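Structure first, commentary second.
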Amino acid sequence: MVNKKVLNTSMKPVMMKEPKSRQQSNVERSSLFARREAAKVLRSVLHGDAHRRALGSIKTLVYSPSIRNKKATFALVCQTLKCKPEQASNKKNIDLPIIKDVLEIANVLNSKWKRQGELMYIITYDILFGQDASLTGDAEKYLMLRKGPLQSALAKILVRKGAKRVEDLMAQYQIPSDVKKPRYVRVNTLKLDVETAVCELGKEHEVLKDDMIPDLLALPPGTDLHNHPLVLDGSIFMQGKASSMVAAALGPKSGWEVIDACAAPGNKTVHLAALMKGEGKITACELNKDRVKRLEHTTKLAGAASILIIAFASYVEVLHEDFLNLNPEDHLYSKVRAILLDPSCSGSGTTADRLDHLLPSHSSGDGDDVSRLIKLAAFQEKALIHALSFPAVERVVYSTCSVHQIENEDVIKSVLPLAESYGFQLATPFPQWPRRGLPVVEGSQHLLRTDPVEDKEGFFIALFTRSTGHFPASPQKIEMDVSSDEVKHEAGRRCHRRKRFVRSLPFAKISGFYLHRNSIICRR
């Protein structure tokens with residue numbers, strides 16, 4: 001009996017230690033997985049920034065459905081990116097990340113690990129600046145064995161930067177906080193009514209209804225809802241006020257056929273579906289195959305994609321296609337009544353929210369270079385001309401998240417004569433909104449701007465409308481600064497009668513935010 005008691009007593013500590021050991025193992029596995037997810041996001045961010053063809057902002061990529069440990073991944077990506085030295089006046093390429101400099105000075109990577117550079121950046125950050133207690137995995141063990149050379153390389157950088165401690169170096173690169181910006185959420189009325197959403201969210205947070213967008217709610221700044229059940233099941237979407245104004249400005253009616261021309265990630269698409277009360281058809285176009293997957297997920301999450309099964313009268317059709325390739329004369333689009341055009345833009349109005357200040361292109365000073373803005377504006381003009389050419393369209397919204405005049409008022413000014421020949425006129429979305437377009441185009445009082453300082457986002461919205469009695473039998477030939485053939489289908493076959501010569505003269509306007517395009521066109 002004594003031996004049995006001794007045996008039982010000796011077993012108790014072992015039984016108590018097992019949960020702790022298992023818990024530690026779970027932490028290690030979670031950290032291991034987060035580092036690989038962060039490396040995947042970092043690879044997409046750096047590749048997109050280098051080629052100026054981003055799949056999405058840092059936040060968009062981190063909070064995509066494929067990322068499971070979002071909070072840890074977001075922290076790792078941001079912390080790794082912000083470790084970059086100040087730009088020296090005599091060296092244009094000094095904007096490489098500190099971590100990359102450390103790895104280059106230490107010279108510890110062989111060809112195998114160099115091919116996984118982004119993962120090496122993440123792990124090196126954890127070793128030097130984060131927590132290396134839970135570093136498990138082959139790549140982690142490889143770098144941990146070389147911790148000495150990494151620390152020596154960091155010491156050399158500290159001397160170069162004139163910093164006495166790592167904390168002093170890191171303090172130079174704090175991420176700007178957006179604590180003053182309210183957390184806006186849009187209620188997905190396909191799944192949930194506004195009052196129920198207010199009641200549920202109000203259990204933990206102060207909730208205010210927006211005075212302009214009926215299904216938009218404002219919560220205190222810094223409110224984290226990424227793991228809230230209403231977010232996870234698509235009952236509410238985290239969407240800024242300015243972004244939510246775009247679909248509301250279009251104002252599609254129930255039963256209409258609508259095109260969302262550049263739809264991914266799909267927040268505006270499902271907002272359109274909710275405004276149409278699930279009745280009608282939305283064709284959501286997206287050219288990039290990776291962004292198509294995100295668009296499909298968003299529509300399914302919102303319940304918009306399943307409307308076809310529930311009531312055959314309405315659905316969202318995700319189309320993996322360039323909007324410019326859609327033929328306005330095709331009978332498939334003969335009943336399209338409204339088009340939402342939110343084309344690719346510089347994103348200059350949401351750089352703080354997108355964390356673009358962390359990107360290499362931003363620190364090198366060429367994030368919004370003039371040549372890129374000119375190319376963007378040319379595409380935006382083509383897309384808007386194309387949208388206005390659909391025969392039955394009554395309403396077209398053109399929007400950007402840019403503060404640059406070249407992407408906003410200049411595009412409207414160049415297209416307006418053609419739009420008027422088609423029977424369109426500029427209408428005024430949200431007449432109560434105080435901030436309007438720059439006075440560089442006739443009808444600027446109808447254009448809408450949000451201010452990146454006052455409103456925490458810089459958006460632009462233009463609304464074209466025409467009545468059903470003013471549809472032209474065929475597009476009128478008008479005299480413009482370019483040939484009519486080139487204007488009507490600039491996205492298709494280009495007219496070669498005359499070459500188009502453009503001279504661009506950028507200048508700063510209104511606190512350096514707005515760029516103007518001064519083009520000289522050779523007339524025929």
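A Cβ is built for glycine as well, from the same backbone N, Cα and C atoms used for every other residue.
Range 1-29 is the one annotated as region 'Disordered', of 1-29, 349-377, 465-493 (source: TrEMBL). Comparing Cβ neighbour counts within 10 Å across the recorded positions Cys262, Ala264, Cys401, the minimum falls on Cys262. Comment: S-adenosyl-L-methionine site residues Cys262, Ala263, Ala264, Pro265, Gly266, Asn267, Lys268, Glu286, Asp322, Asp342; largest CA to CA distance 19 Å, whole number. For the binding-site residues Gly266, Lys268, Asp322, the largest tally of other C-beta atoms within 10 A is found at Gly266. Gly266 (S-adenosyl-L-methionine binding site) sits 15 Å from Cys401 (active site, nucleophile), taking the CA atoms of both as reference points. Between the C-alpha atoms of Ala264 (S-adenosyl-L-methionine binding site) and Cys401 (active site, nucleophile), the distance comes to 14 Å. For the pair Lys268 (S-adenosyl-L-methionine binding site) and Cys401 (active site, nucleophile), the Cα-Cα distance reads 13 Å.
Between the CA atoms of Cys401 (active site, nucleophile) and Asp322 (S-adenosyl-L-methionine binding site) there is a gap of 20 Å.
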